[in-house]
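Below is one structure, written out as structure tokens; the observations come after it.
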Amino acid sequence: MPCLWDTVDLMDLKEGMNRSGVSEPTAGWCENGTEEVAAPGKLALGIGADNVVALLAFALIFALGVLGNSVVIAVLARRRPGAPRGTTNIFILNLSVADLSYLLFCVPFQATVYVLPTWVLGAFLCKFTHYFFTVSMLVSIFTLSAMSVDRYVAIVHSRRCSGVRVARHAVRAIAVIWTLSLAMAAPVAHYQNIIEHDGNATYCWELWPSARDRKIYVVCTFVFGYVLPLLLICFCYASVLNHLHKKLKNMSKKSEASKRKTAQTVLVVVVVFCLSWLPHHIVHLWVEFGSFPLNQASFMFRVIAHCLAYSNSSVNPIIYAFLSENFRKAYKQVFKCQSNRGSPSNDVKGVRSKAETPPITNCTSV
């Protein structure tokens, strides 16, 4: 699926601009939407004020996301020798790796379109950044689905979960998730190409054989990469809530609190993901099946949708810090160890053991 400014192909763009009174597709509209359509006043280097705001938002998202996900990876990747690794922690680790890769490989390159009038990074990065944009989105939603199923098994079928919720099964699930995501995003890499305009201006566009093929892909991505995973997640959490309500009297307060806290953390991550990516899908469906206006308001809506999609890769570490006491302790220990590398790390091992080792009684892992 293309990034938000690439959702209209060349013919659609020309037709839309003719309706809007714009003469031809230029770098301004194709790449950032500010040159031809009611653009605000220009600042230094010819960059519009809205573009500056978008760049600052991207910079903040990038800085917080890289730092936060790096810390999460450091916390989860370190464990006491011989200690089992919880399945939920494995899924969280995979989610953080996907988010960090997304921030490193997509954000810096995509941000250039808010500064430069044309695409100057070559054909490979044109294909790769848009391809990995879609891959990361799919890996995230599929991982969240797996985490929800994991919570469902751990809570609803806790007596039989010991043989199912093991590290090797989680690793296999992650391998399937990445394979499926890479395959589903392949059309983006195939149809994303460099095109030339006026002889020397190059743009990164997604050019499909026909509008029908593009519509089919957009709908399939929306259904299989958003709607169906959400339905699965809703089923899992409805079952979890129903089970917890029925078993409330028979559970110890400590066991109940542990299960509720873990389920709450995963649920918040899922809800934030859904809200972050919903505007992105609205834009794509609007472009394909509606009459997407070519004006300053629509450009700002696309920028907001773009920022929300990127911000999702930065907020998960913050959610873990707010909702998980074990993560808060582990965060502190990681920073403490960085400032005292020569000191013993027994405290860190204790926190890791607590955060990663699943209690035998209820099969939870966070």
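Glycine is treated like the rest: Cβ placed from N, Cα and C.
What TrEMBL records for 52-77 (among others) is transmembrane segment.
Per TrEMBL, domain 'G-protein coupled receptors family 1 profile' is recorded for 68-320.
Annotation source TrEMBL lists transmembrane segment at 89-111 (among others). Sequence-distant neighbours of the transmembrane segment (89-111) (same chain, 6+ residues past either end, Cβ-Cβ under 8 Å): 3, 54-55, 58-59, 61-62, 65-66, 69-70, 72-73, 76-77, 121, 125, 128-129, 132-133, 136, 139-140, 143-144, 146-147, 150, 167, 170-171, 173-174, 177, 269, 310, 312-314, 316-317, 320, 355-356, 365-366.
TrEMBL lists 131-149 (among others) with the feature transmembrane segment.
Per TrEMBL, transmembrane segment is recorded for 170-189 (among others). Using a Cβ-Cβ cut-off under 8 Å and counting only residues 6 or more beyond its ends in the same chain, the transmembrane segment (170-189) has close neighbours at 1-2, 87, 90-91, 94, 127-128, 130-135, 138-139, 142-143, 146, 150, 206, 217, 221, 224-225.
Feature annotation from TrEMBL assigns transmembrane segment to 216-244 (among others).
Residues 1, 4, 7-8, 12, 88, 95, 137, 140-141, 144, 147-148, 151, 218-219, 222, 226, 230, 233, 237, 301-302, 304-306, 308-309, 311-312, 315-316, 319-320, 323-324, 366 of the same chain lie 6+ residues outside the transmembrane segment (265-287) yet bring a C-beta within less than 8 angstroms of a C-beta in it. If you look up TrEMBL, you'll see 265-287 (among others) marked as transmembrane segment.
Per TrEMBL, the feature transmembrane segment maps to 299-323 (among others).
As annotated by TrEMBL, region 'Disordered' applies to 340-366.
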Practice prompt. State, in range form, which of 52-77, 131-149, 216-244 has the highest count of Cβ pairs under 8 Å to the transmembrane segment (299-323).
Written response: 52-77
Worksheet entry | Mean per-residue pLDDT computed across the domain 'G-protein coupled receptors family 1 profile' (68-320) | 84
